Amino acid sequence: MSIQVEHPAGGYKKLFETVEELSSPLTAHVTGRIPLWLTGSLLRCGPGLFEVGSEPFYHLFDGQALLHKFDFKEGHVTYHRRFIRTDAYVRAMTEKRIVITEFGTCAFPDPCKNIFSRFFSYFRGVEVTDNALVNVYPVGEDYYACTETNFITKINPETLETIKQVDLCNYVSVNGATAHPHIENDGTVYNIGNCFGKNFSIAYNIVKIPPLQADKEDPISKSEIVVQFPCSDRFKPSYVHSFGLTPNYIVFVETPVKINLFKFLSSWSLWGANYMDCFESNETMGVWLHIADKKRKKYLNNKYRTSPFNLFHHINTYEDNGFLIVDLCCWKGFEFVYNYLYLANLRENWEEVKKNARKAPQPEVRRYVLPLNIDKADTGKNLVTLPNTTATAILCSDETIWLEPEVLFSGPRQAFEFPQINYQKYCGKPYTYAYGLGLNHFVPDRLCKLNVKTKETWVWQEPDSYPSEPIFVSHPDALEEDDGVVLSVVVSPGAGQKPAYLLILNAKDLSEVARAEVEINIPVTFHGLFKKS
């Protein structure tokens, strides 16, 4: 998996080009044979509009949200896409300029207003974006597109029409929520977001949304906070993108990438700033791992620590004989990886892309093992007694537990990211296989499968082809964990190729089963799901 491929033609730049939405679905040209059991829709979110008029967006997470759908029926495939009608998008289209500040792009007051109107507009408070470009997930019978703020957007998964905006603050105490909730098999949704806790200090709340009940009321209206995690810094919450969940425990990893709330509230309101301006790194903090008892709704005061890293995606978490196994896609060090995801960097020529990536934190897939039963008499000892891991947990004299990981995969500037597993059957349980998007100096150029027990890897890769996050779909009669297919949207700007296609791989060995080609470009997508018919 560590074989490095070069991209001198710069075809990856097509990932960051504005496209138009479609008025109706396109029929894709299929080569190979799509399994007849594969019936349903692949839904994906990402940016599709990278500028408004003459005003560009600057960061990868700024472009306006585009919702994509590949429909599978009786071996045929259609492709559809529509922009999500968020407030950010509608107002930008109406005023023909960027109206709401995005992750790395500031919105400025209407230049047509006089100086007094512009001055007072800064004191209206922080106007938070609802640009739902990151993920889509189910709540009850409904589907929501989301970013990482308090706003989520209800969409119609059949027509891709936007239905309404929902403010989570109207139901629970969170300032925002991640785009990676956990969905249990009964439909229960868990998520995490920071909040103001006791004495106005910052904390992190776990939100639970129940499954749809017999009364058919919106489950979001029945949301509740089930447990609260403390924050290591009273006024500077860590950036959190995902978390771990097992049948009995919740795992939260607190990294040194911090949000400076004073800067967020003051500079944003007074003279204009964006989200990226408000991040800073605590160079001395390292990483703290927190756990809570899910069933008893209780925070457990075990103090797990380790050396600094960035974290965006948990792979899986499970229980094993008194231990929690936590598998993560890490980036070494305390510097924020998002500093390297400005569009200007990603659109550079290949040699410059590599040069920039060499300065960034380096990726590594790691396994941490957290002992649940701590005996103070074991100070100085390794508490990990499992026979199948090299990870350690040393009980220190200050009663903290210092963790060292087992490395599952590591390659220089070769990341295994956007991980997926056989989620429905193995989330929170012992598992063997993970699927990931391979990033080559931040350029997505391969799909990977990792055996987390043996560290064996499989790779799909073709020249001038730029895939997306792999989505695993289990065979309806599966007998083994990896019985099924992997779906990925591939951008293919090379000569003699269609601009983009939906790739279907055998999940066993990543051999190609089929592809469904379309005659139009598809920009980068981040996350999504397969909705079975």
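Note: Cβ is positioned from N, Cα and C throughout, glycine not excepted.
A quick note: this is a predicted structure, and the numbers were derived from the prediction, not measured.
Per Swiss-Prot, the residue from the list LYS14, LYS113, LYS449 bearing the note N6-acetyllysine is LYS113.
According to Swiss-Prot, HIS241, HIS313, HIS527 bind Fe cation; the candidate from HIS80, HIS180, HIS441 that the record adds to this site is HIS180. Taking SER117, SER173, SER488 one by one, Swiss-Prot attaches phosphoserine to SER117.
Comparing THR86, THR105, THR390 with the features listed in Swiss-Prot, the residue bearing the annotation phosphothreonine is THR105.
Cα distances from HIS527 (Fe cation binding site) to the recorded sites CYS231, CYS329, CYS330 are smallest for CYS329. Of all the binding-site residues in the list HIS180, HIS241, HIS313, the shortest Cα-Cα distance to CYS231 (S-palmitoyl cysteine) is found for HIS241. Distance from the CA of HIS241 (Fe cation binding site) to the CA of CYS329 (S-palmitoyl cysteine) is 12 Å.
CYS231 (S-palmitoyl cysteine) is surrounded by 21 other CB atoms, counting those within 10 A of its CB over all protein chains shown. Recorded residues CYS330 (S-palmitoyl cysteine) and HIS180 (Fe cation binding site) have their alpha carbons 16 Å apart, per Cα-Cα distance.
For HIS241 (Fe cation binding site), the count of additional Cβ atoms within 10 Å of its Cβ stands at 18 [all protein chains shown]. The least crowded of the recorded sites CYS329, CYS330, judged by other CB atoms within 10 A of its own CB, is CYS329.
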